[in-house]
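Worksheet: one structure, shown below.
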Amino acid sequence: MPAEPDGPPPAATLPEATPPGATRYARVVVDSRLPQLDRLFEYRVPPGMTGVEPGVRVRVPLRGDRLTSGWVVETTDARAWEGEVADVEKVVSPVPVLQPEVWALARAIADRAAGGAADVLRVAIPGRQARIEKQWLAQERAELPPLPEAVEAAAVLPGLVEARRRVAIECAGGVAEITDAEGAPVWVGRWAISLASIARQAIERGEQAIIVVPDHRDQRQLRIALAAAIGDERVVELDARQKNPERYRGFLRCIDGEPIAIIGPRSAVYAPAPKLGLLAIWEDGDPLLSEPLAPWVHARDAALVRQGQSGCALVLAGHARSSDAERLVELGFLEHERLGAHRVRVLPSALTDDGRRVPAVAFRAAKEALATKPVLVQVARPGHAPGLRCGDCGARARCTSCAGPLGRSSRGAVPSCRLCGRLAAAWRCQSCRGTSLTEVGRGSSRIAEELGRAFPGVPVMVADGEHERLTIDAKPRMVVATRGAEPLADGGYGAVLLLDGDALLSREGLRVAEEAVRQWATARALAADGATVVLTGAGGATVTAITGDTTVPFAKAELAERRSLRFPPAVRTASVVGHPDAVAEAVEALAEIEHLDVLGPVPAPADVVKGSREGELERAIARFAYADGARVAGVARGRVLAAASRPRKPGAPPRLRIRLDDPEPFDGL
DNA sequence: AGCACGCCGACT
DNA sequence: GTCGGCGTGCTC
């Protein structure tokens, strides 16, 4: 920021604004999960203590001499708290890890989710690494090298960042070759190149870009594409999979405020970025973007709040439009864009008579493609046989300890429980005492064996959770992958076989069809131009979603159906779980809100809250309009607060838990 | 969470 | 008369 030509120096360069002798106070958010403590506490800065500045981590006494960690939100000369004021115990580190805009964001997100701000901060701020911090404090900031030459023709949606547009982007798919930081050619999804180009717009304006991805596979592609677009010195990764020191190093670079692109998993949406030009979410329909910790906020929702606060450009992108993004398009909040063209032929195919073999169309497509390129086979389940039946009476083989389904992880392996993993070495049928087992269904390794026999001489590899493979070269081969584990092939796949459509769609659940379409679109995007994609075992709207060249009509239809059923994302929800009394009180309080309806309460399933027994707790679901969100969250927070100060037995589940926009109860609908 | 405060039953 | 039950409230 330039100083006035002849004016005083900027305030930040003055040594210490407070005159000696005046008492300073610090308002601190304490790092606690208790709803009762979710507010600012005021402490005196003892004379002689330095470094108590907004954003730093401090230790403060809470209730007598018990010390708690917290972050300074602001410092003042005038105290607002009338009662007794304790002293800040010490400054843990001088680094302002809680930036003002992140505090404002955490507060707003917590309020919207009826949760505590400290819970959000725990996700937003990585644990301190003293060694890394020391390096960061000592190092002098090097000037960033100039941006790589821009390729005019490669510009994607020019002016998007400058105009602060809010856009839902459907990316057409396909792969492309670019040059990595060392000058070697690498293949990445075209989506990554598009997002990198948009991010460059922010960097060119001297602003930051945050791009959130569901997993490290996408992050890898995006990192490569960004390195090509803006130089790898300007790419900061905030990956929870990284070693803690690496993660903290990246986090500290964000605080520097340079024009950089920040990429990472769902928590990256909270990265400090004082000059945020672009906030983008890749694959916003991916359930991985939903935070599994309280207050269970989806990165898309966090991004919407953050965009509202910072006014930056917003992008929700994916190979398939999510019903949530489509809702925002229909509302006029987001514009629709479609990027690129991907020429593939998608052939729907019914299951064959015996339902066991690869259909003839798929066989032909694979055979043709294998002459020059690899072939991707997407299957629903890992392992050898996902299910087992009694060979004598046909009863489903179940785990003796948890009643979960037994399966076989590899040919001839001892059956094991797919839920708890226990081995069932001496299995006997519960109903007929029989000991022979028949395999039901085919997992990735069994399909790989079958394909190996069907295509003699063609190498077959498996890619699933256990055999992770990010990329493969362009040599012809069969790649059998579970959903989400598909490797990226140099040059793209010559054919993509989406087997097991029926298995994907047979589950019950609000988002089953939408999720299937998303996973198919993801696999389809890995195909080379001109490739054939075969989809088996699916029907109806999901098929046209994937054979056509846009998923938008499908998302529209999904949304329309959810509207008629009053299901999310047409409405918001609050799931209320706890002691029957507490649930009844909460439901009563929520029912005061107009147009809010309540399903239940009904006995809650076991373990809906960790350690709860079947029928011990009750659950109710409230549905309400987006416009009533603040009121619902306020009432919910009030009930949780009231329930929290009531006694409960040690080890017992909490008396009341309210989760807003909890997808879980709708999984089985 | 944890701990102090406070108002009703069995005891020296 | 008092010791102590745990419902209620509070944490700068």
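Cβ coordinates come from backbone N, Cα and C, glycine included.
Annotations in TrEMBL come from automatic prediction, not curation.
What TrEMBL records for this protein:
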{"type": "BINDING", "residues": "A:C390, A:C393, A:C429, A:C432", "note": "Zn(2+) 1 binding site"}
{"type": "BINDING", "residues": "A:C399, A:C402, A:C417, A:C420", "note": "Zn(2+) 2 binding site"}
{"type": "COMPBIAS", "residues": "A:1-12", "note": "compositional bias 'Pro residues'"}
{"type": "DOMAIN", "residues": "A:27-126", "note": "domain 'Primosomal protein N' 3' DNA-binding'"}
{"type": "REGION", "residues": "A:1-20", "note": "region 'Disordered'"}
{"type": "REGION", "residues": "A:645-669", "note": "region 'Disordered'"}
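Overlay of TrEMBL feature records on the structure.
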{"residue": "A:C390", "record": "Zn(2+) 1 binding site", "Cβ contacts under 8 Å, 6 or more apart": "A:R396, A:A397, A:C429, A:S431, A:C432, A:G434, A:S436, A:L437, A:T438"}
{"residue": "A:C393", "record": "Zn(2+) 1 binding site", "Cβ contacts under 8 Å, 6 or more apart": "A:C429, A:S431, A:C432, A:G434"}
{"residue": "A:C399", "record": "Zn(2+) 2 binding site", "Cβ contacts under 8 Å, 6 or more apart": "A:P405, A:L406, A:C417, A:L419, A:C420, A:R422, A:A424"}
{"residue": "A:C402", "record": "Zn(2+) 2 binding site", "Cβ contacts under 8 Å, 6 or more apart": "A:C417, A:L419, A:C420, A:R422"}
Fill in: Neighbour count (Cβ, 10 Å) for A:C417 (Zn(2+) 2 binding site)
20
Item to complete: Starting from the Cβ centroid of A:C399, A:C402, A:C417, A:C420, which together make up the recorded Zn(2+) 2 site, report each further residue of the same chain whose Cβ lies within 8 Å of that point, ordered by sequence.
Response: A:R398, A:T400, A:S401, A:A403, A:G404, A:R418, A:L419, A:G421, A:R422
Worksheet entry | Cβ-centroid neighbourhood (8 Å) of the Zn(2+) 1 site, A:C390, A:C393, A:C429, A:C432 excluded | A:G391, A:D392, A:G394, A:A395, A:Q430, A:S431, A:R433, A:G434
Discussion item. Neighbour count, 10 Å Cβ-Cβ cut-off, for A:C420 (Zn(2+) 2 binding site): what number do you get?
Written reply: 11
Worksheet item: What number of additional C-beta atoms lies within 10 angstroms of the C-beta atom of A:C432 (Zn(2+) 1 binding site)?
Response: 13
